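Encoded as structure tokens, here's the structure I'll be asking about.
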């Protein structure tokens, strides 16, 4: 014990001041490179929360909670011995003594210090700027205060028409306020847009009922007559409003640098070198508080790059090099503001020496595009897009990689005419092309990931983190991945097989809309040839999902894989295993005895499964109906372990027995299992229900996970175990029983309707553009207007459930197919068992030879 | 020359679009009934040489590259119904001529 403590204390102390996105990323970088073993790391954050996603802050108003925006719940820090303190303001740095002073009076010494203090909103010093009902837009607390005020009033105004100001205006509009924007400059987004672009954007935004005042200076804010405030403008006019939000730019938070005498820029910002070291070599500054080459970088990607370079420099002795240096960053951006696409690349204002410009403007559909090219017309220097960002990715790649422009370069911003190819094939991108700037992932990184086995966009995301930052590169990422797969000779055609030039989702829709009831009908109307082992079971499953017919009906029987055809799971020797349904894992002693008796009678190998059921192995084909007759007589139903369908709902005993249980997880598990047991889906589905947060049922590793809380149930979706385990994502909190079932109905039906063949829920969700958020939009906010239909479809499946084994036993035609041989009553003499640990198991090849030799 | 046709079973014993197993001269044979094909019925060995079990009769019938095949239920290799040839590996299973006549199924045995 003593040795551990002294060992810990001998590690140098690294303190990070600021726990915003960049500060957090720095800690992540340190941990990733083993820095937590080199340093004792301590993090101080001024806010009450650990780092959260400020880029998507506005989503706090559209349903996201603080937990959804959180970048970490602290577990990353805890697991790696990083100490962290929220609500902790550092007030002083004593550089001589290498000590920090905290607001609460504590002091702490450091060897290395990282300032990630970010920025603060600039509030213009207009008289009246600090009246009541005036706000800034920076933290979760700011947003709470804005929301509270917005409930009481009707009119809101944003001062500042830049990127953040328009984002804030959108938020006010979403809060139901009549919204205005007041901008001092002659146009909106003066940094990113040129004059014409700004005016097109203004028109578009005004079309959305947001009043825009450009070229307008506010002289003072006083008491209003019809509203809380009156803003008096320099030109003598005025605007009455109840709430004012200042979003007039940011200023670097460099107070500690001033206090401790670090070099700061004339207009603020802590001066740093290419390693992000300040004028004191033991102190680094990263993110929006840092001034590099006399520039502040107010975007998250450059902040991440700074974090990376500071971490690399701190660990240079470990890595054997000084790591990457920070040498500036691209400030190109694209975003959707109030539903309007805006993009800006490089030199948007055409300030480069001798540059030339192409402009395209469409006043009818309201779009504006400009390309700035070099004097010789060969390179793209910058671009402005308003109204349609579909041109952005291509332009950005031309710019970032200095790719030679094509001869008719203007085509890059012209609308697509006929079928002329537009845009840059990803093939043309150099290997160094940056695909994801948030996580600095190049085309080469993606190609490496694909080569080492990541064969889907979801996998590549997992390996490289590409498209997991702002998500803006998701479409481009998909193109690159598809292209790499093609280059590897992997078929990326989305056709399900040679017989149907459709995806599974297409087929689902064709079946439903065309009211198609059989495979042959679908093949005749929409396919060609005679079908194969890919399309037949897929269509069989779709027909079952949509119409919920008995799967062994004569017209469906040849569609089923052997497991579905014989309603059991084939094992390596051609015998089958049998899994009766045991909902929630709850079973009476009498039924348990029946299983034991049946297993004994047929000498079946017996094992408890991971899903809290009992699997009976070694039944021959003709034994299956006999065994099921006995099981059904004892009240069992098929467990559908053979189908792409709901397997089990794992559960703990919950509040009925457990002293920690907060809700009846047992009853919920049984109800859910009985509700969804008949659903045929693109792949198997597993559920679990835990009775409290101790999570004994491991619900977070299931497709659908339910955890009891004091307020109801938390719903997790799209987790799985297996080859690539994935934790489920928290989908909704504190649901009542009815809402829980409603959401599960919708998620499962939407999955069944839209997923690809053999696609688990996790891969399906990662493949949805917008991922979890999109799924929430569809299921919770009914974005597609589908929820009614999804619920009705699920209800149909629930209402028409039949135990396939019961139906089979009543159908002499179906029973006939369980004969071992059509012309002989004997058994398969290749099925040989030996005994091991008092049970039967298949003999190995060697054992068979020895047995045969003995008999012979 | 007359083929040595051997009666195996009735047409009703077959499953449309799928296979059944039979014993012929002590050997396991998989018989497939494919009404859309010219031949209607096919017979190949029931033994899957890859999975090493008697299961081919329980595989899914497919039509690939203009040929009728069965996909093994164990590891999914395809065997051509008319020749027994495996499409993925250089192996084959025995095959017999088969015919459907007067509601009865025959295969040619030596």
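Cβ coordinates come from backbone N, Cα and C, glycine included.
Reproduced below are the annotations present in TrEMBL:
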type: BINDING; residues: A:652, A:658, A:692, A:696; note: [4Fe-4S] cluster binding site
type: BINDING; residues: A:696; note: siroheme binding site
type: DOMAIN; residues: A:13-294; note: domain 'FAD/NAD(P)-binding'
type: DOMAIN; residues: A:332-395; note: domain 'NADH-rubredoxin oxidoreductase C-terminal'
type: DOMAIN; residues: A:435-481; note: domain 'BFD-like [2Fe-2S]-binding'
type: DOMAIN; residues: A:571-633; note: domain 'Nitrite/Sulfite reductase ferredoxin-like'
type: DOMAIN; residues: A:643-766; note: domain 'Nitrite/sulphite reductase 4Fe-4S'
Determine how many residues of the domain 'NADH-rubredoxin oxidoreductase C-terminal' (A:332-395) DSSP places in helix, in strand and in coil.
7 helix, 33 strand, 24 coil
Would you list the other residues of this chain near [4Fe-4S] cluster - those whose C-beta lies within 8 angstroms of the C-beta centroid of A:652, A:658, A:692, A:696 - in sequence order?
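What remains near the Cβ centre is A:653, A:654, A:660, A:661, A:665, A:690, A:691, A:694, A:695, A:697.
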Within 10 Å of the Cβ of residue A:696 ([4Fe-4S] cluster binding site), how many other Cβ atoms are there?
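Excluding its own Cβ, residue A:696 ([4Fe-4S] cluster binding site) sees 18 Cβ atoms within 10 Å.
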Same chain only, sequence gap of 6 or more: which residues have a CB within under 8 Å of the CB of residue A:658 ([4Fe-4S] cluster binding site)?
A:652, A:691, A:692
Is residue A:696 ([4Fe-4S] cluster binding site) helix, strand or coil when read with DSSP?
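DSSP call for residue A:696 ([4Fe-4S] cluster binding site): coil, neither helix nor strand.
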When DSSP states are grouped into helix, strand and coil, how many residues of the domain 'BFD-like [2Fe-2S]-binding' (A:435-481) land in each?
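Across the domain 'BFD-like [2Fe-2S]-binding' (A:435-481), DSSP assigns the residues as follows: 25 helix, 4 strand, 18 coil.
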When a 10 Å sphere is centred on the Cβ of residue A:692 ([4Fe-4S] cluster binding site), how many other Cβ atoms does it contain?
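Summing over all protein chains shown, residue A:692 ([4Fe-4S] cluster binding site) has 20 other Cβ atoms within 10 Å.
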So if I draw a 10 Å sphere around the Cβ of residue A:652 ([4Fe-4S] cluster binding site), how many other Cβ atoms end up inside it?
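I get 27 for this one.
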